[in-house]
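Let me begin by presenting the structure, written as structure tokens, before commenting on it.
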Amino acid sequence: MKIHEYQAKEILRKFGVAVPRGYLAVTPLEAEGAARQLGGGISAVKAQIHAGGRGKGGGVKLARSPDEARQHAEAMLGMMLKTPQTGPDGQEVRKVYVEEGCRIARELYLGMTLDREIGRLAVMASVEGGVDIEEVAAKHPDKILREWISPLTGLMPFQARRLAFGLGLTGDSVTAFVRFATGLYNAYVATDASLAEINPLVITVGGEVLALDAKMNFDDNALYRHPDIAAMRDPDEEDPKETQAKEYDLSYIALDGDIGCMVNGAGLAMATMDVIKLSGGQPANFLDVGGGADEDKVTAAFKIILSDPHVKAVLVNIFGGIMKCDVIANGIVAAAKQVGLSIPLVVRLEGTNVELGKDILAHSELKIIPADDLGDAARKVVQAARAA
């Protein structure tokens, strides 16, 4: 689960992480009032959406007066902010965060996430702050410092100091950085976060270490332990299809292609997308119906796929173990009739009750394209999508 910048900073404050003062605003007048509460001097008006790169898209503006803060808020609120992470359609700005300005001496990067290859939490730091860390990793990997944290000891002071020295910090800034990094680590662990990222982390002219921006993501499977964080979810920032999928306990992720996929099992779903790509197509989604899906769940999954206007063809790839092929077949038929299926549908079934499932599809009066194996199914659905 993702949250907004202002929410992440609210959490980090509780763990002693230094962040500038700021106030949320949902109207231009509230933004003006927030700037006055901050003293009426220089402030930053920041669009709140679940995407990075806001500054490049016009979503972060400096205001030198409360009146200018109001003007920036008027321009931002309601706009479709486009960044490299929002896609071409952009994301509507519904709220802004007005934050006090500071005199910046240096911009750095500090982030924490799980390194799945090593199986430990990785703390990353870089002198290249304020830019996309993925770009830095690709072009200048030598500029990223890393420390791997033992779950038995946590982040050790010597590791935080080593990062500070690697960033070229000296004097009181080293002490402030160690305190900052320790607070960020404590917040990451205590909240079951999957990502905690400060970009940029700034060193002020006075030597303070501040989180000028903050991003936190959380493990959905641990949210039952954090009802306060779960309450921070913003449905307006999520794909409606993904929200609907959660209601039916479906694993759904929207992608940019035009071939809808419905598969049982995450591994088979990823393999299906790979084979579609190898066959020259582009998957429109990842959708795992799981091993214990019933007819209603399959029907819901089918409707979610077909609600995407970019989908030109659908591939259903089922290996029936716990999941029975006849259940899938009945769900496909029910959903196709309910939504009035008008695009090509390729189905590959294998496993438990496969002959019964194929018989149900054959007598459904639907124009279903059968496939014998995954390679055959991928080729047929790519061809169908191109012809649609």
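Cβ coordinates are placed from backbone N, Cα and C, and glycine is handled just like the others.
Quick look at what Swiss-Prot lists:
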type	residues	note
DOMAIN	9-244	domain 'ATP-grasp'
BINDING	K46, G53, R54, G55, E99, C102, E107	ATP binding site
BINDING	N199, D213	Mg(2+) binding site
BINDING	N264, G321, I322, M323	substrate binding site
Take the C-alpha atoms of N264 (substrate binding site) and R54 (ATP binding site) and report the distance between them in angstrom, rounded.
37
Got a sec? Which of these binding-site residues, I322, M323, has the most Cβ atoms within 10 Å?
M323
Select one residue from N199, N264: among these binding-site residues, choose the one with the most other Cβ atoms within 10 Å of its Cβ.
N264
Would you give the longest CA-CA distance, in whole angstrom, between residues of K46, G53, R54, G55, E99, C102, E107, the set recorded as binding ATP?
20
Return the maximum Cα to Cα distance in Å (whole number) over the record's substrate-binding residues: N264, G321, I322, M323.
10
Binding-site residues: G53, G55, G321 - member with fewest neighbouring CB atoms within 10 Å:
G321
Euclidean distance between Cα atoms of C102 (ATP binding site) and N199 (Mg(2+) binding site), Å:
15
Would you list, in sequence order, the binding-site residues among K46, G53, R54, G55 whose CA lies within 10 Å of the CA of I322 (substrate binding site)?
none
Nearest of the binding-site residues (D213, G321, M323) to E99 (ATP binding site) - Cα to Cα:
D213
